[in-house]
Amino acid sequence: MASSPTFLLLVALFALISWQAVASDPGPLQDFCVADMHSPVRVNGFVCKNPMDVNADDFFKAAALDKPRVTNKVGSNVTLINVMQIAGLNTLGISIARIDYAPLGQNPPHTHPRATEILTVLEGTLYVGFVTSNLPAPNRNKFLSKVLNKGDVFVFPVGLIHFQFNPNPHQPAVAIAALSSQNPGAITIANAVFGSDPTISDDVLAKAFQVEKNTIDWLQG
């Protein structure tokens, strides 16, 4: 039987290998792999641009993230900077977003299937939260929430449903979010469930939500 220090070392190495195996984006094998958006080759991510053709603009975007944005009908605006805006982000496993919130506006419940998110409040106040997954008990679908003020930071674990809401009826709010993927993706729950194309059968949704079919038809409409 392995000695205690050797056993602990093996456990630590296994944990490290396992973490790398489930990371959102694979680690780069070179300094950078600037995305070649014009390559006909399709891979998981983007083919690397010839390093001899790379320049500083491949790592730059005049994004004006210091400027306020016009919000949408739910009172928010997400300005995402990912690999589609900065080709140099390819394989680097990170992106950033500015989020503007109107008074009483929200970034509605959604998930990022490929990224953990860390959010910093720049202006105003936000009520934020996420819900844990179905299993295991006793933390099944546990709701964790917090009121954040200017300068506060909150983490949303990868894949979990989360939201942000500006409770102030008079003042807007602004936050910056960093995400652990070059292309984190976003699934807005209401849009996906009730606004899919083609629509999910109202029989399925009525059963799932335990409501009448006409309620589902109204939501889908």
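Note that the numbers count up from 1, one per residue, in the order the chain is shown.
Cβ from N, Cα, C; glycine included.
Since this is a predicted model, take the numbers as computed values, not measurements.
Listed in TrEMBL for this protein:
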{"type": "SIGNAL", "residues": "1-23", "note": "signal peptide"}
{"type": "DISULFID", "residues": "Cys33-Cys48", "note": "disulfide bond"}
{"type": "DOMAIN", "residues": "60-217", "note": "domain 'Cupin type-1'"}
{"type": "BINDING", "residues": "Asn107, His112, Glu117", "note": "oxalate binding site"}
{"type": "BINDING", "residues": "His110, His112, Glu117, His162", "note": "Mn(2+) binding site"}
Any further residue of that chain within 8 Å (Cβ to the Cβ centroid of Asn107, His112, Glu117) of the recorded oxalate site: Ala97, His110, Thr111, Ala115, Leu119, Phe156, His162, Ala177, Leu179, Pro184, Ala186
Out of Cys33, Cys48, Asn107, His110, Glu117, which has the highest number of nearby Cβ atoms, where nearby means within 10 Å of its Cβ, if these are the recorded positions? Asn107
Alpha-carbon distance [His162 (Mn(2+) binding site); His112 (oxalate binding site)] in Å: 9
Relative to the mean position of the Cβ atoms of His110, His112, Glu117, His162, the recorded Mn(2+) site, which additional same-chain residues have Cβ within 8 Å? Thr111, Ala115, Phe130, Phe156, Leu160, Ile161, Pro184, Ala186
Cα-Cα separation of His110 (Mn(2+) binding site) and Glu117 (oxalate binding site), in Å? 12
From Cys33, Cys48, His162, the recorded positions whose CA lies within 10 Å of that of Asn107 (oxalate binding site): His162
Whole-number Å distance between the CA of Glu117 (oxalate binding site) and the CA of Cys33 (disulfide bond)? 23
Would you mind reading off the Cα separation of Cys33 (disulfide bond) from His162 (Mn(2+) binding site), to the nearest angstrom? 31
Enter the number of other CB atoms within 10 angstroms of the CB of His162 (Mn(2+) binding site). 22
